[in-house]
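Trainee: Submitted below is the structure of interest, expressed as structure tokens.
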Amino acid sequence: FCCREQPIFSTRAHVFQIDPATKRNWIPASKHALTVSYFYDATRNVYRIISVGGTKAIINSTITPNMTFTKTSQKFGQWADSRANTVYGLGFASEQHLSQFAEKFQEVKEAARLAREKSQDKTELTNPALSLPSHQVLPSPIISSNGPGEDKLFRSQSADVEITTEKERLKKMLSEG
């Protein structure tokens, strides 16, 4: 994930994950403070919090508009990631570090909301299902060389082909990004 994502903000913190069994106790992800960074992935237009310990990603959390970062003490904060099905906790060296991280969380959450709205606008513009029917519903001429009715069949098939190619194109774009 190195090259297409830009780090926006980095800090150091002790990383914890909630114990899946008790949902109450924190399990430390490493012995030392780790770098925790906000990244922006331009190809997918998403924001993530990533922290790597050794060779593995300890946090890889995509920020959605409905996530909340909660300060639970002067130097500790947490957020739930429903996709990863866990709660992450961060212990900071100072209140200031915690505040900076919390402020950035709000900014990124807002940016994620705007990005989601923008991408929804785009889908409406490029969504074939919304733009195709306009020329799919043209009345067929009653007299045609193929006989009545066959022309209608041909027209809807070509529209279906357009829908399929558009779907394939979208699928390809999504799988590449």
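Every residue, even glycine, has its Cβ placed from backbone N, Cα and C.
Because the structure is a prediction, the values reported are computed rather than measured.
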Trainee: Between 67-89, 136-158, I'd like to know which one TrEMBL lists as region 'Disordered'.
Mentor: 136-158
Trainee: Mean pLDDT over the domain 'WH1' (1-112): what is the value?
Mentor: 93
Trainee: Counting by DSSP, what is the helix, strand and coil composition of the domain 'WH1' (1-112)?
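Mentor: Helix/strand/coil tally for the domain 'WH1' (1-112): 18 helix, 54 strand, 40 coil.
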